[in-house]
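Here Swiss-Prot flags Cys118 as active site, proton donor, drawing on sequence analysis. Look at Swiss-Prot and you will find Lys23, Asn24 tagged as phosphoenolpyruvate binding site. If you look up Swiss-Prot, you'll see Arg94, Arg123, Pro124, Val125, Asp126, Leu127, Asp308, Ile330 marked as UDP-N-acetyl-alpha-D-glucosamine binding site. Sequence annotations record features per position, and here Swiss-Prot assigns 2-(S-cysteinyl)pyruvic acid O-phosphothioketal to Cys118.
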Amino acid sequence: MVEAFKIIGGKKIAGELKVDGSKNSTLPIMIATLVEKGTYVLRNVPDLRDIRTLVALLESLGLEVEKLDANSYKIINNGLSGAEASYDLVKKMRASFLVMGGMLAIEKRGKVALPGGCAIGARPVDLHLKGFEALGAKINIEHGYVEATTENGLIGGNIVLDFPSVGATENIIMAAVKAKGKTVLENAAKEPEIEDLCNFLIKMGAKISGVGTSRLEIDGVDKLTACEYTIIPDRIVAGTYIIASILFDGSIKVSGIVPEHLSSFLLKLEEMGTKFKIEGDKLEVLTKLSDLKPAKVTTMPHPGFPTDLQSPMMTLMCLVNGTSEIKETIFENRFMHVPELNRMGAKIEIDSSTAKITGVENFSSAEVMASDLRAGASLILAALKANGESLVNRIYHVDRGYENFEEKFKALGANIERIKTEA
């Protein structure tokens, strides 16, 4: 038996949605507690399946993890019990591969299973491994495991990433903070989540300059100090909630946002005719859905339009009069939600990496299946708009990235229920 959402859509929903802490910040920051012994307290941690998966992985490596409340954790690092991350845990989530950088920093070696996770494209770890090699690690891959070893610890080096990979940037930063000498990382990813990781490590005493730019300079230090830290809000959850608000003519206020983390997304929505009122961390939509006009979107590394908001944006474009386009440049296979939206009455055609979306009046209710986390969110939004009963299967994907999704939308008046199904 698996879980699904039964949604009776077409209802009026209104109220306020508060954005949770960032999953994509929490994962690397939790992993960064491997880098130095001590007691850490992390706040604004989202209550998600991926976080629970990571807790099990950290505990398997010898860390003590205590949940203080729904969104706070205490992590005690008294030294690792081993430097091997097994396939059983790593296969559940790609971010698990980030433990390699932390293990190299503290243990000078690491052995990690090649990762599993989402069904979106290849997502190779080659860039991570090139980075480790540039810092003096020897890499050996066999039997589905990557083993990295060093003679006497890592040594600073110059690294140019072929692509600004978020995961590779994070893994290399963690490995380099205690390496001997200076590391220069060019073409680094610039996502807010990278900044958050850097700020956490800087609070611990790491010497990192160029934070928020594509060129990071890291002067290795011998010792860091464990600290308390508050995670930034999740910009992808924020974007999803803002799209929900537009779909319902601005009846949902969104709080807990960082507007500068959403610049390209908000600019694109403004180009489509959306007007906002932003006060501090609160955003209100002042436009009706029917007033929007079509647009073209190309997903890009930050600060461009985020690939993680591509599928929720597509749901919105399905109900905008005229023809819109989305070009996906980050991941292959990231249009798996398209056949499902088409089942709900959308008119979307795919040509290679571009989706052409012709607006329709509304979605029709249907049974659909989430293929990944963001696709799941896009289908739920469509089902909330559609008149009648829809079933969204495989919602375990959604639980990986959205905290208490159904409870939050129920509080707005949505008719959404978690049920068990055979599918």
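Glycine is treated like the rest: Cβ placed from N, Cα and C.
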Which of the listed binding-site residues (Lys23, Arg94) has the least company, meaning the fewest other Cβ atoms within 10 Å of its Cβ?
Arg94
Counting every protein chain present, what is the number of Cβ atoms, excluding its own, within 10 Å of the Cβ of Asp308 (UDP-N-acetyl-alpha-D-glucosamine binding site)?
23
Cα distance (Å, whole number) from Leu127 (UDP-N-acetyl-alpha-D-glucosamine binding site) to Lys23 (phosphoenolpyruvate binding site)
22
Could you tell me the C-alpha distance between Asp126 (UDP-N-acetyl-alpha-D-glucosamine binding site) and Asn24 (phosphoenolpyruvate binding site) in angstrom, no decimals?
20
Candidates Asn24, Pro124, Val125: member of the binding-site residues with the richest Cβ shell (10 Å):
Asn24
